[in-house]
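Presented below is the structure to which this report refers.
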Amino acid sequence: MDRNSIIGFVLLLALGAGYIFWNNHEQQLYLAQKHADSVAAAANQKPVIPQPQTVKTDTVAQAVDTTLPAAYRGSASNVSVSNGELTVAFSTKGGFPVDASLSNFKTYVGGDLHIFKGENGNKLSFNIPVDGKTVATDQLFFTPQISNLPNGGKQLRMTADLANGKSVVLDYSLPSKGYMMTANLRLVGMQQDLTSVQNIPVLWNTEMLHTEKDLKNERMNMQVHYQMKDGAHDYFTVSRTPTKSLDEPVHWMSVRSHFFNSTLVAEDAFKTGSFDGKEPVDSGIVATNSSNFQIPVKASNDFSFGFKWYMGPNDYKILKSQNIGMDELIQLGIGPFFFVKYISKWMIIPIFDVLSSFISSFGLIIICLTIIIRLLTSFFTYKSYLSTAKMRVLKPELDELRAKLGDNQQQMGMEQMKLYRTAGVNPLGGCLPMLLQMPFLLSVYYFIPTAIQLRQSHFLWSNDLSTYDSILNLGFNIPLYGNHVSLFTLLMTASSLLLAVYNKNMTAAPGGNDANAQMMKYMPYIMPIMFLGWFNSMAAGLTFYYTFSNLLSLAQQFIIQKFVINEDKIHAQIQQNKNKPAQTSKWQQRLDEMQKSQANRTKK
């Protein structure tokens, strides 16, 4: 393989390796995942819409004086609303959702999928002023009332009677289809109370449940996202940054696991906010997040604050359709590679959607997507192979120069550039085409692991293309590799080595016996072995893509070199170029002057 092609290859792999180190190896080390399917076993039956039933009696409330207002006494029960896709259960104590289940999704072990569940770890509470005291709404008892909306949705009104014409009303409206619920807080008859405050503190606790195969991977993808009122979006990963404080108004905030999220969206904005995330010992819980923020108030006898609540999948099309920037929850390109998200948004996702409209197998869709990407980048591939062929034709002349000049690297460099110039060969011709293909490789690297369509999709021996395909559980952990064996990763590594061997046989080896030349000689074989450990726990869809892409590269390279590129014609063209007057660019002139100056200083 010629030196410039190898430099391009090394740069290509170094960029990918740099991203993997930057994105994955900054994570904290986690304890080995304990297999537990208690979430599925403890999953409740789907709630029903009819009259609420008491599921738990609050003994403290029963002991309260019955002369107190109804909001301070009562018994806790759950009441549910559903639209066939999303079922939300609310507690009459606090009036907030305590369970969100998705009908069209299952956990990895086949149980009902709950984004969050339970009164202890999930809460939405407003601290309101009442008669000179601060009352948390999660301690109030609400009376539920369900009604049908004209559009086929359901409305749940939760009312806490504080007496003397005062009440707290929480209205929730679930559309006939979708995952975005509309909500509204009303404080009725409380104008005098509200004159003493400018903001109402709010507490939002969320406990995201374990739903996928790999708890470690879920925790690595557990993030809190938020969008400021001015439209700026940011996020943090709970494992890296457990706490975060914001001093500016927030439009929406989201607690996001790998494939699902719970998001609060203000009608206007939440005023300031802070987040506190934790990873509990309980293997059934991915992480918990406690958010504290404020909402601005105006003294009124019917104050209201509107907001929305999304409880659903991280589906790009669904999130984008909300038109509030929630599609940023799906990370299609971050950090130094943020620009590749536009390739995914404008090319990869549209192609994927078209293919999935008439192909049911997502494994076949990945094959078709790989072929299409190869066709789109075939021009760059052809240019790279053409440059390699030119370098191979020039190798005998380069060997003669090397034998003539010996270890005089400075003079060798000057003569080499002179030969390239007279022959009309661009020394970067093999590097640039490979680097120009890098954005396409990175866009797929980001897209496939985040595509919820691949979740629990079967292909060949893999029963879930969104996670690794384990053909053997080792029972112990191997550093930098893991505790299992992924067959697609092994095939990816084998095909990468096969491609390296083929390239070695079909391209000119780099000249010289120095350490750098020897390192570049073996680099194509070292990198696939290094990637073996890094990709072992990645999505099977991704490693399958790279496996098929390598095989396609072999076929593509064979066809181009055997039937498209004619080395005899290339050699004749190079000899013809040598007879033409050399046209030196200003940049090349400056480079030649620098090399001559360096050579003169070396002689002195």
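From the backbone N, Cα and C atoms, a Cβ is placed for every residue, glycine too.
According to TrEMBL, the feature domain 'Membrane insertase YidC N-terminal' maps to 79-339.
Under the heading domain 'Membrane insertase YidC/Oxa/ALB C-terminal', TrEMBL lists 362-562. For the domain 'Membrane insertase YidC/Oxa/ALB C-terminal' (362-562), the model's pLDDT averages out at 82.
Taken from TrEMBL, the feature region 'Disordered' applies to 576-604.
According to TrEMBL, the transmembrane segment annotation covers 6-22 (among others).
Sequence annotations record features per position, and here TrEMBL assigns transmembrane segment to 358-382 (among others). Under 8 Å from some Cβ of the transmembrane segment (358-382) lie the Cβ atoms of residues 347-348, 351-352, 433-434, 436-437, 440, 444, 448, 453-454, 457, 459-460, 465, 541, 544-545, 548-549, 552-553, 556, 560, 564, all in the same chain and six or more residues away from its ends.
As annotated by TrEMBL, transmembrane segment applies to 424-448 (among others).
Under the heading transmembrane segment, TrEMBL lists 481-502 (among others).
Tertiary proximity for the transmembrane segment (522-548) is limited to same-chain residues at least six positions away from its ends with a CB under 8 Å from its CB atoms, namely 1, 6, 9-10, 13, 17, 20, 24, 214, 216-217, 362-363, 366-367, 369-370, 444-445, 448-449, 451, 454, 457, 459, 462, 464-469, 480-482, 484-486, 488-493, 495-497, 500, 503-504. Annotated transmembrane segment per TrEMBL: 522-548 (among others), in sequence order.
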